[in-house]
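Worksheet for the structure shown next.
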């Protein structure tokens with residue numbers, strides 16, 4: 001006891017010096033707290049406060065110890081002089097769900113009427129009851145208090161007893177001009193602290209503005225709630241930590257939940273879709289409105305029901321809250337609590353023979369004269385058990401495949417615990433360790449040791465550090481025409497559809513097997529024509545924003561930003577026979593368009609080829625000891641069933657799109673690349689070289705070949721171009737996306753070529769692409785095959801171009817961006833005659849002696 005108190009008080013002081021609260025108690029610490037309460041009256045008051053306020057809820061390990069102790073007190077099996085049986089029952093009711101539910105159900109039958117009533121009162125506000133609902137329903141036939149609990153749920157008292165949003169909200173503006181991406185709000189270099197919300201929040205905006213801590217603290221002294229305001233807010237990664245940081249600074253404490261806050265206000269001219277959804281999930285109020293007349297320090301009034309923002313009693317901006325259920329979401333403390341609670345209310349009403357509840361806002365049916373459905377609308381419809389879902393409709397589709405990666409995995413674990421779940425209902429949940437494998441910190445090593453078991457115990461599948469990028473694996477676990485999600489903005493399946501999400505929604509999807517969705521509109525990109533020699537899939541990726549800019553559907557300028565793709569589904573057709581790895585290049589880059597999702601219309605043949613390969617991969621995973629075996633077997637069997645009877649959904653010819661962009665690939669005669677530092681700022685090779693302003697530098701310091709945007713063909717092509725050439729003129733990084741690619745490249749002799757070229761080869765994974773571990777040199781000019789090139793992402797002050805591996809090889813040889821002629825000559829000389837050999841893909845079922 002003494003050691004615990006000394007150690008704990010020391011840690012409190014250490015964190016207080018940083019301006020943050022102590023960490024929540026772990027299981028051993030809770031055991032020590034219980035011992036103090038039972039044996040040490042001198043420190044009992046302090047220990048009681050810790051037990052009440054410093055233990056995470058749900059199925060956290062500490063919550064188990066807390067619930068078991070309180071249950072013994074509530075049931076009078078144990079006496080504590082500092083917590084009565086009645087108070088113990090009350091405290092059980094603060095734990096949200098999980099380990100506290102069974103003791104409260106037992107309490108309904110207590111001989112002590114006060115404890116029985118208190119148990120009922122606690123259960124009325126407990127939403128995370130899952131299978132225990134049936135137990136309470138059965139009890140209600142003979143137990144009046146159990147029936148009272150059901151009636152309370154049926155009447156949505158848990159919701160109606162919460163205060164609705166005020167008619168007028170006074171707030172102080174904290175404004176970041178231009179674009180704020182999620183790396184600004186949650187820097188990759190601090191990814192290892194993400195699950196420690198208060199500590200991670202200290203890094204918010206440190207790379208974006210000067211004196212960031214003083215500026216944030218100064219705005220909090222205004223005495224009114226703070227609204228985070230920006231022209232464009234939340235682009236980039238799906239990291240919920242970005243939202244957590246805003247809420248930590250500007251939100252409200254959650255009673256009995258340590259180190260977490262909810263609420264807060266975000267106002268943006270454009271709010272990226274994943275970030276918007278994460279705000280919804282967390283109980284924040286996201287508002288899309290013109291912000292040009294809002295300045296930092298302004299005291300504004302927000303009228304959420306009227307849709308007006310006033311400054312000095314003058315209307316300076318108007319808005320319409322969307323989705324229609326947003327006010328309910330805020331009232332319920334978030335979209336996820338609303339969905340769970342609404343489901344509980346409906347279940348109780350059905351059991352009691354009551355009609356539909358009138359307590360909640362019902363989404364209106366979408367107003368549309370559409371007669372047909374797009375491919376995306378049909379896939380989502382299929383996941384909902386209907387023919388299609390039109391834009392504007394609210395739905396909760398079944399989720400077939402869920403992905404979680406390591407820099408968000410610890411947060412997802414915390415969210416799963418908070419959801420009080422011990423089993424995943426989603427058929428396939430995959431956890432990777434791709435972002436922290438290369439240069440793990442002690443916290444990463446701990447995560448590598450503890451997270452796999454947490455996932456596999458719940459029926460998920462855990463990869464190993466060094467296996468490679470999550471998307472390379474998760475794509476191979478997908479099924480045609482099904483829906484998925486993942487805690488990474490590049491969760492963009494090349495088959496079916498996936499809606500990336502923050503860690504909270506990923507946990508919800510894994511736990512429940514469903515996810516909420518307000519169906520977005522679709523933008524159709526239709527390719528036609530034949531590709532010219534030297535033109536790559538990556539050039540087609542960059543052609544999408546290039547042609548959108550031409551049509552006035554996309555602007556690079558952030559103020560008054562136009563982006564036809566933002567929040568919509570990108571649907572791509574016209575390339576029906578490309579391989580799945582190539583299709584992923586297209587779907588993956590929809591993240592940089594800020595699209596909600598992407599579908600690529602393909603023929604059956606590439607899908608059959610891909611699934612046959614993936615069946616072999618799963619067989620080898622099982623043979624190599626990957627867990628959970630049953631989950632892997634079920635997914636393999638589902639793949640085989642589709643291969644045996646392959647049927648694909650098709651879009652209707654009369655489907656409607658928000659916009660149609662047609663791209664004749666024959667018009668593309670030279671590479672297209674994204675320029676520093678914006679994935680929307682695309683230009684042809686000639687246009688880049690013609691730019692003498694200095695914004696598009698021509699000398700290249702470093703070249704990176706890697707990320708989820710690459711496949712084995714890119715590395716062979718790169719190798720062939722640099723083969724037998726003098727060592728690279730630029731610092732060179734080579735990082736295959738998976739250990740399977742790495743081994744095959746070694747077997748084929750390409751690693752020897754990379755070494756001779758002076759390349760630094762890394763563990764398969766995401767390190768340099770994300771910039772959370774390896775970094776390019778400060779102020780370097782970089783050519784990269786990676787996903788995005790936001791300021792400071794790959795290195796402080798770095799200027800980063802994005803393009804193909806083939807163009808990267810030319811940059812490496814020359815130390816500069818080549819001319820069109822130089823590039824075409826290299827490709828023609830080195831690649832053209834052996835294209836079939838170079839651009840072969842990883843068909844494991846056809847590879848001799850393939851083993852993991």
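A Cβ is built for glycine as well, from the same backbone N, Cα and C atoms used for every other residue.
Taking a C-beta cut-off of under 8 angstroms and a sequence separation of 6 or more, residue 788 (substrate binding site) has the following same-chain neighbours: 236, 591, 592, 679, 802. What Swiss-Prot records for 194, 237, 238, 239, 405, 406, 407, 489, 788, 793 is substrate binding site, and it gives similarity to another entry as the kind of evidence.
Look at Swiss-Prot and you will find 708, 766, 769 tagged as [4Fe-4S] cluster binding site. Taking a C-beta cut-off of under 8 angstroms and a sequence separation of 6 or more, residue 766 ([4Fe-4S] cluster binding site) has the following same-chain neighbours: 405, 434, 435, 469, 470, 707, 708, 772.
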Residues near residue 238 (substrate binding site) in space but at least six apart in sequence (CB under 8 A): 182, 274, 278, 408, 486, 487, 488, 489, 491, 500, 501, 502
Inter-residue Cα distance where the pair is residue 769 ([4Fe-4S] cluster binding site) and residue 407 (substrate binding site), in Å: 13
Check: same-chain CB within 8 A of [4Fe-4S] cluster site center, minus 708, 766, 769: 434, 435, 469, 471, 490, 706, 707, 709, 737, 765, 770, 786, 787
